[in-house]
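Trainee: Pasting in a structure now, in structure tokens, and then I'll have a few things to ask.
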Amino acid sequence: MEAVQQNHSVCRGYCGVMLRSRSGGFFRRGFMLGNVEVILARPRGFCAGVERAVRTLESVASRYAGTREVYALHEIVHNLHVVNSFKKMGVKFVSALHEVPEGAVLVFSAHGVSQQVKEESRRKGLTVVDATCPLVTKVHLEIQRYDKSGYQVILVGHKGHREVEGSMGQVSNPVVLVQNVQDVQSIKIPSAAKLAYVTQTTLSMDDTAEIISALKLRFPRIVGPDLRDICYATQNRQTAVKAMSQMVDVVLAIGSKNSSNSNRLLDLAKAQNARAYLIDSYRNIDLEWLIGARRIGITAGASAPEILVQEVIDYLGLHANLKVRTMDGVSENITFKLPELD
């Protein structure tokens, strides 16, 4: 929906401004959507690992502002708003180490990196700050422990995801990746091999349950981590969006298209509610999605900041008489200590 004329700071109610929808129809700004209840998912948005990574990069950018160049290997988290905010602070995002000059400051993203990347960073004399999520680091340590004990490690995850790439590079021996039940049936493992599995942290217990069951069925002696090692944030957000989606007419999931966990929230919302949309910000909202809706649910991926949620609420308030409440759910009080800066 784009405005022929709009003034967000002035127009808070019925302003008589005509809006053009993406399909070409016109609507009048104001309370065109009538009375609408907005239900906010609990929990939503930043998890502790993302919060730690963002605060770490903020600290690094502030400390070295004007004195040394600060680089981040890949996006610090998968969110366009966050990345653009850091670019404005002068942080340079790169996709490979050869783009980082010797002697620069380099921050590893929340998704973690391989041992090879760490070693190459040392050889280049970089000042490295590791913002890897502690739960990802825990998976790395499990892979190393299993490998040292003679196990063939199987990783349940998505090919090409930054976290998976880093996890598979923790040991010199090959780590076998399985993405689905079909992979479990097709992988070739020596019958005498000791097997252990780990999982990508941004997959919930629900996401991995079928694959793990298939692994245990085919390899009855396979071992794996304690269920408490599953990322709490992924599970909590998925549980919340499934419950919220049953309460509302439309779901708006805030997150970037390259965010694995945000896309999963969208999938789960669609499974419960056909009217569900992934948006980077309020600017992506087409008001035609919301016509006839009396309850709108809002969730946000683990890498989406709360400011984006508030901006969506403010935008909806331009077009409806809003009542906003937060659903009952899990309250997360976990924080991770920031890495020390030299």
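For all residues, glycine too, the Cβ spot is worked out from N, Cα and C.
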Trainee: Which of these, HIS98, HIS111, does Swiss-Prot say binds (2E)-4-hydroxy-3-methylbut-2-enyl diphosphate at the same site as HIS78, HIS161, THR201, SER259, SER260, ASN261, SER303?
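Mentor: The candidate from HIS98, HIS111 that Swiss-Prot ties to (2E)-4-hydroxy-3-methylbut-2-enyl diphosphate along with HIS78, HIS161, THR201, SER259, SER260, ASN261, SER303 is HIS111.
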Trainee: Near CYS133 ([4Fe-4S] cluster binding site), which of the binding-site residues HIS78, HIS111, HIS161 can be found within 10 Å, Cα to Cα?
Mentor: HIS111
Trainee: For the (2E)-4-hydroxy-3-methylbut-2-enyl diphosphate binding residues given in the record (HIS78, HIS111, HIS161, THR201, SER259, SER260, ASN261, SER303), what is the largest pairwise C-alpha separation in angstrom?
Mentor: 15
Trainee: 10 Å Cβ neighbour count around SER259 (dimethylallyl diphosphate binding site)?
Mentor: 26
Trainee: I want the residues beyond HIS78, HIS111, HIS161, THR201, SER259, SER260, ASN261, SER303 whose C-beta is within 8 angstroms of the mean position of the (2E)-4-hydroxy-3-methylbut-2-enyl diphosphate site's C-beta atoms, in chain order.
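Mentor: Counting only non-site residues, the set is VAL77, ARG162, GLU163, THR202, SER262, GLY301, ALA302.
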Trainee: If you take the centroid of the Cβ atoms of CYS47, CYS133, CYS231, the listed [4Fe-4S] cluster site, which other residues of that chain have their Cβ within 8 Å of it?
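Mentor: Near the [4Fe-4S] cluster site, beyond CYS47, CYS133, CYS231, sit ALA48, GLY49, VAL50, ALA110, LEU135, VAL136, THR201, THR202, TYR232, ALA233, THR234, ALA302.
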Trainee: Using other CB atoms within 10 angstroms as the count, which residue among the binding-site residues HIS78, HIS111, HIS161 scores least?
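Mentor: Fewest other Cβ atoms within 10 Å, among the binding-site residues HIS78, HIS111, HIS161, is found for HIS161.
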